[in-house]
Amino acid sequence: MAPPKFLGLSGRPLSLAVSTVATTGFLLFGYDQGVMSGIITAPAFNNFFTPTKDNSTMQGLITAIYEIGCLIGAMFVLWTGDLLGRRKNIMVGAFIMALGVIIQVTCQAGSNPFAQLFVGRVVMGIGNGMNTSTIPTYQAECSKTSNRGLLICIEGGVIAFGTLIAYWIDYGASYGPDDLVWRFPIAFQLLFAIFICVPMFYLPESPRWLLSHGRTQEADKVIAALRGYEIDGPETIQERNLIVDSLRASGGFGQKSTPFKALFTGGKTQHFRRLLLGSSSQFMQQVGGCNAVIYYFPILFQDSIGETHNMSMLLGGINMIVYSIFATVSWFAIERVGRRRLFLIGTVGQMLSMVIVFACLIPDDPMKARGAAVGLFTYIAFFGATWLPLPWLYPAEVNPIRTRGKANAVSTCSNWMFNFLIVMVTPIMVDKIGWGTYLFFAVMNGCFLPIIYFFYPETANRSLEEIDIIFAKGFVENMSYVTAAKELPHLTAEEIEVYANKYGLVDRDSNGEGGNRHDEEKTRDRPDQSDSDSPAHVEIDVVDEHGVESGFGDGINTKETR
């Protein structure tokens, strides 16, 4: 029997289609990050939107208000993401982004265009917040263990390519008529939004989301289609069973929405610790200074180094080429070097780069200030290779299946809150304290090193179910989770079941089979209980919800006879 198909594809071509659409979502994210940097100080833009003219606070506000929209979108996913599913969230997010673009480009003089631009930025941000909260989770749940890290790193890496496209479109448009200077770069985003929304309508839902809602037959079809298996083949059944075991271990099987209190539990599943790990990576990405450089690179060159607007834009475009080239480094290093080492290497590189920048600006000499350009270039190189993709990958894989949707949304909320803060205050900081801005970012990067070294376990080359076992091992054996990740060998599918049983994540029956799953399959095959031949007492599964939600139990299924 041939594998089932979506969009006329199955196996590797279908996985490639999923990854292409997911990657386009982050290409659009990167484009929108960079598009305002080239037009925010353009005379044509400032003359049309007069509140931004020679006003760093209003320039910061119209740029940063987008992040507030993104925060609203991420919070929407936090509340409704588990109910809507991954596909619908992405499609709705892309549609809202397209709507935001239309609002912005239809601004007309004499009708308070600044207010309309303001609203359009917020609306577009809402759509992007929904997509950035959902796409990494969708990609992680549809990918194989062997290429999950690569695919999500490619997503993160294309943020740089999106920003690169935006910078050079801004630069080219700056030579055109006044309307073209800002309308065309903003309108160009519609192409990306359409490419996300239309194909996603025909692509499959995440199999893990389907199983969390008890939709087993649909999940089997998706697993078989993504992997190129037969729908009733043993490989399909084994992969489905591993996911079901993981869901049952965390008490999430058959639940349409994960309760918020589940995010704050401990025990063997360590939901709260894993939430903090993912959220802290997004927090550190922003407070490390990335968007101070990405959004305001031309402004930094004008105000801090003293270049002309045209030269600043040209150097900004060159910087984005460097950014994009180094963003591809993680694609080759993510599984070989690992997440922890890349985090640490990137942090040291960013810290030293910021030291170079502020040290060159202290003398207040235009010639010496040009040395700060070296620091900005090395910063963006280290950031592109490490901190650009990693905070999108780490929360999507470190959080367990039950809380992954909500936890990833919380992580994205953390990103957008501090993104807004940094983008809002950077022009003011540069204006008021000058080189002290870069000293602040150097100190912040130095503070990240011990947190990463002592608290971030390695997840490279691990299946999502293996990562659950790392945290169970650390809790049961009362050891550092970093140590637990180092000591746990890489496991086969069969070994995962053995270790899950060892650490109490999965119930077993007397035959050594997965009790929960075994009973479920018996129940599914059993005739309707209203039948007169049905047994009077049946053995069913009951999830110890109190245990997993309080943090004192293990979220293990128990059996009850009714």
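Don't overthink the numbers, they just go from 1 along the chain as shown.
The backbone N, Cα and C atoms fix where each Cβ goes, glycine too.
Because TrEMBL annotations are produced automatically, they should be read as predictions rather than curated entries.
Confidence in the domain 'Major facilitator superfamily (MFS) profile' (18-460), given as mean pLDDT, stands at 88. Summarising the annotation, TrEMBL assigns domain 'Major facilitator superfamily (MFS) profile' to 18-460.
TrEMBL lists 61-79 (among others) with the feature transmembrane segment.
Under the heading transmembrane segment, TrEMBL lists 91-111 (among others). Outside the transmembrane segment (91-111), and at least 6 residues removed from its termini, the chain residues within Cβ reach (under 8 Å) are 25, 28, 48, 69, 73, 84, 117, 119-131, 134, 183, 186-187, 189-190, 193-194, 196-197, 200-201.
Long-range contacts of the transmembrane segment (150-169) within the same chain: residues 19, 22-23, 25-35, 37-38, 135-136, 139-140, 143, 184-185, 188, 294, 313, 316-317, 320-321, 323-324, 326-328, 330-331, 334-335, 384, 388-393, 396-397, each at least 6 residues beyond the stretch ends and with a Cβ under 8 Å from a Cβ of the stretch. Residues or ranges marked as transmembrane segment in TrEMBL: 150-169 (among others).
A Cβ distance under 8 Å defines the sequence-distant neighbours of the transmembrane segment (181-203), meaning residues of its chain 6+ beyond its ends; these are 6-7, 14, 17-18, 21, 24-25, 27-28, 31-32, 35, 38-39, 42, 44-45, 48, 87, 90-91, 94-95, 97-98, 101-102, 104-105, 124, 127, 131, 166, 169-170, 173-174. Look at TrEMBL and you will find 181-203 (among others) tagged as transmembrane segment.
Marked as transmembrane segment by TrEMBL: 283-301 (among others).
Within the chain, the transmembrane segment (313-334) has long-range Cβ neighbours (under 8 A, six or more residues past its boundaries) at 34, 37-38, 149-150, 153-154, 156-161, 163-164, 167-168, 170-171, 174, 294, 297-298, 301, 307, 342, 373, 376-377, 380-386, 388-390, 393, 460. Per TrEMBL, transmembrane segment is recorded for 313-334 (among others).
Here the transmembrane segment (341-362) has long-range neighbours at 281, 284, 288-289, 304, 330, 333-334, 368-372, 374-376, 378-379, 381-383, 385-387, 390, 434-439, 441-442, 445-446, 448-449, 452-453, 456, meaning same-chain residues at least 6 beyond its ends whose C-beta is under 8 angstroms from one of its own. Residues or ranges marked as transmembrane segment by TrEMBL: 341-362 (among others).
Annotation source TrEMBL lists transmembrane segment at 374-395 (among others). Sequence-distant contacts of the transmembrane segment (374-395) (same chain, at least 6 residues past either end, Cβ-Cβ under 8 Å): 26, 132, 136, 140, 149, 152-157, 159-160, 277-279, 281-282, 284-285, 288-290, 293-294, 297, 300, 319, 322-327, 329-330, 333-334, 339, 342-343, 345-347, 349-350, 352-357, 360, 407-408, 411, 415, 438, 456, 459.
For the transmembrane segment (407-429), same-chain residues at least 6 beyond its ends with a Cβ under 8 Å from one of its own Cβ atoms are 56-57, 59-61, 63-65, 67-68, 70-71, 74-75, 77-78, 81, 125, 129, 132-134, 136-137, 263, 271, 274-275, 278-283, 285-287, 289, 291-292, 295-296, 299, 391, 395-396, 399, 436-437, 440. Per TrEMBL, the feature transmembrane segment maps to 407-429 (among others).
Residues or ranges marked as transmembrane segment in TrEMBL: 435-456 (among others). Tertiary neighbourhood of the transmembrane segment (435-456): same-chain residues 277, 280-281, 284, 287-289, 292, 304, 339-340, 343-344, 347-348, 350-352, 354-355, 357-358, 361-362, 372, 375, 394, 426, 429, 480-482, selected by CB-CB distance under 8 Å and a gap of 6+ residues from either end.
Per TrEMBL, the feature region 'Disordered' maps to 507-562.
According to TrEMBL, the feature compositional bias 'Basic and acidic residues' maps to 507-548.
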